[in-house]
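Each remark here refers to the structure printed beneath this line.
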Amino acid sequence: MHTRPRSHPGTAAPVLPEDSLAYALLTTAQLVADVVAGGTLTESLAKLWIARPATPPGVRGAILDLAYGTLRDFGRQDFILDKLLQKPLQEPVQSLLRVALHRLDTRPDTAHTTVDQAVSAAATVLGGNFKGVANGVLRNALRQAVDLNKAADADMVSEFRHPAWWIRRIRTQYPDNWRSILAAGNTHPPMALRINPLRATRDETLESFAEAELPVCVLPNGALLLERPVPVARIPGFVEGCVSVQDAGAQYAALHLDLADGQRVLDACAAPGGKTAHILESADVMLTALDTDPARARRVSENLDRLGLKANVKTADCRDLNRWWNGRPFDRILADVPCSASGVVRRNPDIKWLRRSDDIARFAAQQKEILEALWQVLAPGGKMLYVTCSVFAEENREQIAGFAARHPDCRRLSIADQPDCQYLPCAEHDGFFYSLLEKTP
Ligand SMILES: C[S@@+](CC[C@H](N)C(=O)[O-])C[C@H]1O[C@@H](n2cnc3c(N)ncnc32)[C@H](O)[C@@H]1O
């Protein structure tokens, strides 16, 4: 993906009936074009819903499905377009073709409707100049589908739907299971819930889910895995704070932290506060929660308010000790550091295409600074849990091996009998890395 200047505001409503497929295709194309220009899907969606607040839920759902699906499959559509076009078309037409190809791939039963609706959408932008090209490209894609798919399957980026540098990295670092890691990155994410033991027992929760006819299973760490994702409004006990939505992999943080009542705990990179809340639900501790981003720090407070939990929430860069630390060391520190998010890419498929290979070293450098700063505020005998939602070794085991080598007072404690613990993305949870470090007295 090449970063190009944005060619359109991305939120102007197309002149098409809101309930038409053409409208959904074109609106999604504008979102995808924003990502191609270097923006995130989350930001573009937020702007879209502000600009078009009355979008009916069904239309929203169709746009979300198309946007997430197109960005999951992005590498494949560009491979096919490269074969069918001499040069890329102007946005948003190029992205309209990407979205249409994604729909042709996933809904072959409605191929002709997709082509007709994509052509109608093309007629409403750029003076309709690309209507004929759009029609020709999509009809050629249908006619040549067998050959195009064969060629696409033989191309690494198109087959695995990740950038080439990413595939090479995963293949080198995970020679035995690189295929399943990449495949997991292209799936629909599971939906898991965390039970709040301060408000409901597991039995009560399971009973309310059975009554609501929502099948769930209990994972080994106590997380509830829903058979199928559902809107939060349908989740029994959500409004009352009995359960929260949190990936099962993220629910290991509070478990691995080895918490006990009365401890002084620091959650150094806390927003939006899922793990903060889990810590407070698990033990009666004095918790300081930091986040460098003021808007995100506010979300920590909102999340804690919903659950009736209390913490000292501050907006601060955790590396800037002079700004936020009062000199009293912490017994436990959660360092859930900013990272490439390569373990949660199925939730944010735009990330695959927005990241660059050299971003990983940049994240690793930032994580190293955070670790160095936080080690100073950990009490002797205290423990720090380092967490990423990455699968890249530079941010994980290499980071921790380097830290331990630089700090003779750092003892690596085992998690599940391992010096550190890499959970790979799978049907039950996202990809997370955990390492528990003790400061020897
Ligand atoms: C992986 S997210 C944390 C997720 C959170 N622990 C949870 O479970 O909901 C990383 C967070 O670190 C914050 N952050 C990044 N750099 C930081 C820094 N230097 N100090 C404090 N927070 C930072 C980001 O704003 C982001 O909210």
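Cβ atoms are placed via backbone N, Cα and C, with glycine included.
What TrEMBL lists as domain 'SAM-dependent MTase RsmB/NOP-type' is 181-440. Residues annotated as S-adenosyl-L-methionine binding site in TrEMBL: CYS269, ALA270, ALA271, PRO272, GLY273, GLY274, LYS275, ASP291, ASP317, ASP336. Per TrEMBL, active site, nucleophile is recorded for CYS389.
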Neighbour count (Cβ, 10 Å) for GLY273 (S-adenosyl-L-methionine binding site):
28
In the chain carrying CYS269 (S-adenosyl-L-methionine binding site), residues 6 or more apart in sequence that have Cβ under 8 angstroms from it:
LEU290, ASP291, THR292, CYS318, ALA335, ASP336, VAL337, PRO338, ILE370
What whole-number Å value do you get for the CA-CA distance of LYS275 (S-adenosyl-L-methionine binding site) and CYS389 (active site, nucleophile)?
13
Round to the nearest Å and give the CA-to-CA distance linking CYS389 (active site, nucleophile) with ALA271 (S-adenosyl-L-methionine binding site).
14
